[in-house]
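Undergrad: Here's a structure for you.
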Amino acid sequence: ECRYLFGGCKTTADCCKHLGCRTDLYYCAWDGTF
C-alpha cells in the first residue's frame with residue numbers, strides 16, 4: 001500500500017509512483033515525473 005500526495009512517509013519507497021518522500025517534512029510530494 002503506497003502513500004498518496006501529502007501522505008506521511010519515511011522514505012520515497014513509501015510513496016506511490018511519481019511521488020517522492022520529503023524527508024524534511026515527512027510527506028509524499030510530486031517528484032516531477034509523469
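Using the three backbone atoms N, Cα and C, a Cβ is placed for every residue, glycine included.
Small disclaimer: the values here were computed from a predicted structure and weren't measured.
The disulfide bond annotation in Swiss-Prot covers Cys2-Cys16, Cys9-Cys21, Cys15-Cys28. Swiss-Prot lists Phe34 with the feature phenylalanine amide.
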Undergrad: I'd like to know which of these disulfide-bonded residues, Cys9, Cys15, Cys16, Cys21, is least surrounded, judged by other CB atoms within 10 A.
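TA: Cys16, out of the disulfide-bonded residues Cys9, Cys15, Cys16, Cys21, has the fewest neighbouring Cβ atoms within 10 Å.
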Undergrad: Using all protein chains shown, find which of the recorded positions Cys2, Cys28, Phe34 scores highest when you count other CB atoms within 10 A of its CB.
TA: Cys28
Undergrad: Could you check which of the recorded positions (Cys9, Cys28, Phe34) sits closest to Cys16 (disulfide bond), going Cα to Cα?
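TA: Nearest in space to Cys16 (disulfide bond), counting only the recorded positions, is Cys28.
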Undergrad: C-alpha of Cys15 (disulfide bond) to C-alpha of the residue listed as 'phenylalanine amide': distance in Å?
TA: 15
Undergrad: Which secondary structure state does DSSP assign to Cys2 (disulfide bond), in the simple three-class scheme?
TA: coil
